[in-house]
């Protein structure tokens, strides 16, 4: 082993207390030694590469010389390095050898001189040894525990007794005088229980807290070197509750000198004193004068009560004993039964008792029976199964010196076994595609000594959504499923540090990541959210309609074990289609094992199984409730391969490909991929969804040119891609041109007529309202040369999003960091136009809390949209990053002021969109962005629409909808208004309070849809401030009219917003300040408050119209302009009258809404729901 070598080194000796102590080495300048030749193996070497002596460490000056070492491998002795110290010398300080004389002269401050033990000179004897009395420099083994000698002490409290903890010998006398305290007996046993010897005498006086001296359980000798009153080695005076000295059948005590003295112990019988006199070997005469006034209040002549019978069950013991009949029956008051758990049969009735009321025994009072001829008895209940109990009974009598008492001996009885508690710490992992390894820990309460385990497992179906989604869609990503591997395989091994290459190797550098690794990391990040949502839906029980809290174990534990063991559990789905899971009935399979681990074989590859483990007891034939776990097997190789050949049928200018599906795939086949090519041309790809294949059993490749083609197919399952099939070849014939001319005549002419008609209609509407609009470059156009892409940020709705640098897009900034949105190369014309239309919509937005458009690059390919860069990503990811590393149930929430600030910024951006007559339709934390300075802004306008033409936007078709964020009216009727955005805003507040948990966790989308439409609401999050939850509840009013507007929301919390909000917000801007108007006609206001609830009504707070000239104009000038979300209700007197606004410093004041603290009629306020009322907006408070 090589270490660094120093050019110069010398040693000097130092003295400690006048004695030679140790050497000190000085290393003025150190350098690393050369690498030694392989022939030296583990030895050091000289600078020239010659091998040193095996006892050298680090380096040497002369090869193979134990006197020329820089340091020694083992020990240093008289200038040489040796493997062990020679005879007559001793190891010292772990590196040198010294003589006995040298060791006798070495000592440290406050320590005795060093000792010699085991060939080593050390400061003290090791544990289990003590200094030899005859030879102080050597150690001798202790007989049992080594003695700890302590000076005499007066024990008048528990604290004083604590100072003698661990003492075995009291050098002097022991005085005990404890008058009060709690749990005295156990505390004294803990601190004084090791005392074996007292060299003087023991005096126990006025210790009213003691009922027994069993706490001195190790006391064996009282030497009596000093006696009390020069006569007594043991004295007990005035101990009012002392009843027992020791259990002399198990305790030995020897008094070498002196006598006993007992006075004024009214509960201590003389029989106990005589036993001590006899057992301690005192040879002097027993004098009655030394034992006065003892046992005055005790039944010292007690009769022995005998138990007649006992009947036991798992939690009860029924006892009967002989009746006790004193001479005067009125002297017998009752019986008391004492019992407690007793692992060992070594208890007396006084164990755990003291005179202050502390008693470890449980007591049951038994009243006397009216029929004196019947034997008394009692039933002890609420006992533990399979537990040994110590029991005795005592008669309660009117005591005097002439009356006798009665009590039984301590007996020991076992309760019967019962069903054990459930196993704990169950875990499972897969080591193959057909096997799971299950392990668990034993139950906390086995309740018997004959325990085995019942293992039951059942296959689980895949999630319903996997059957419904079309994973060929560009909006869908293939979900990741992970098999349960490696959970306990490394339990008995230690992890290897990947940063080092082994004990003898230098540190290793990290290898750079390959492109494949980087791509895999990006996919992992993208899939993480989808996988987390799947886990929530797969593990948690769906929420019941009555909105009670869900209980994971409610179903399992509510079922008795008899039900669990009787028959199989079947899972029936009912009617199904290609979009639903097939009707499957999976049965439980059972297995009995004695060990705490087992293998389950014969399983399907890459399939989830539920595994239940019951602990059972043979003696009672009962089992515990199940501890269960879900685990997935590993994927099987080639299980996803297409089993048979790919066939084809030739059609006119097309080919229909057929292939069989895998018989036992890894979980579920999600899609098929086809790669085909014409000759040597680049390959083309075709994706076939699961639904399409189930319907057609193949795919049709259309619009193929003439020539020779090759094609191959592979399947993709939950475990990933299968193997490609062998390529097949087919030929497509040339189609005659005349047929094309015939088709063109019927296709092109109608398209031209439609386009011409569409072009005429476009003159009446804006350029962004039709599919066939051509984007015209304007002042937003940016030259492509001014844009530099730096790195990928993620996948957007149309294509990849990059971070980059733009020049001259922001005034007074030469270069600006921006986000660059692109459109996929494979995008259709329709998608490209929609991409530019989204950018055109954002041209009209100029709000600090809405993500800004900075420019468009429409000339050339690819098309680019330049956006404001939000460096901290979307709000959902940001909130989840605030979660603590540990998986705790109570997450650390941001301060209330920070949550209110986020709410204000989001509401301000939404108020701006509302004022510009836009409805977002997809407001959620994932669509809000967080800037570098932590300001939250509205983003992702892929679903935003201009609704200037109409009051509402109705979603057509069967597109995907964010149902967990949608309002009841949007789910029921497809209606989207600003009030539905307010509902979504309430869900965003819930996401902020939960650090982006999934709303309606554990429910499927269908269940959420029904739950919300039936009036269900989200629960209050844990640790959520009341003020924030009240604001959520206002946003979730079932009646849209009763929800606050975004301006009203800001007004209610404006006092808690930061000062900078006034300078940048739309709320405090001149755009939001209504013009000066005449005084509001209060009669019209009253009429407005009684507007009936109709689907077409949309009462909103008054705000000025911010429509830009570029917005869509009405389709017909002849029709009146419909009222937008910000328009006042139509009435003759409200056409030109508006409320006066407050000052800009305090923000606008909203008065066109009925008061929220006013209770309105049931129909008007709730739309038919009972037991609801409009709640006032939560007012901000200084906090």
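Here the Cβ of each residue, glycine as well, is placed from N, Cα and C on the backbone.
Just so you know, TrEMBL annotations are computer predictions that nobody has curated.
Over in TrEMBL, the protein carries these features:
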type: DOMAIN; residues: 127-160; note: domain '4Fe-4S ferredoxin-type'
type: DOMAIN; residues: 301-418; note: domain 'Fibronectin type-III'
type: DOMAIN; residues: 422-517; note: domain 'Fibronectin type-III'
type: DOMAIN; residues: 642-735; note: domain 'Fibronectin type-III'
type: DOMAIN; residues: 787-1067; note: domain 'Protein kinase'
type: BINDING; residues: 821; note: ATP binding site
type: REGION; residues: 1091-1183; note: region 'Disordered'
type: COMPBIAS; residues: 1114-1124; note: compositional bias 'Low complexity'
Tell me, what is the mean pLDDT of the domain '4Fe-4S ferredoxin-type' (127-160)?
83
What same-chain residues lie close to the domain '4Fe-4S ferredoxin-type' (127-160): Cβ under 8 Å, and 6 or more beyond its ends?
100, 103-104, 112-117, 166-179, 181, 184, 187-188, 191-192, 194, 196, 200
Under DSSP, the domain 'Fibronectin type-III' (301-418) has how many residues in helix, strand and coil?
3 helix, 53 strand, 62 coil
Counting by DSSP secondary structure, give me helix, strand and coil numbers for the domain '4Fe-4S ferredoxin-type' (127-160).
3 helix, 14 strand, 17 coil
Could you put numbers on the helix, strand and coil content of the domain 'Fibronectin type-III' (642-735), residue by residue per DSSP?
7 helix, 48 strand, 39 coil
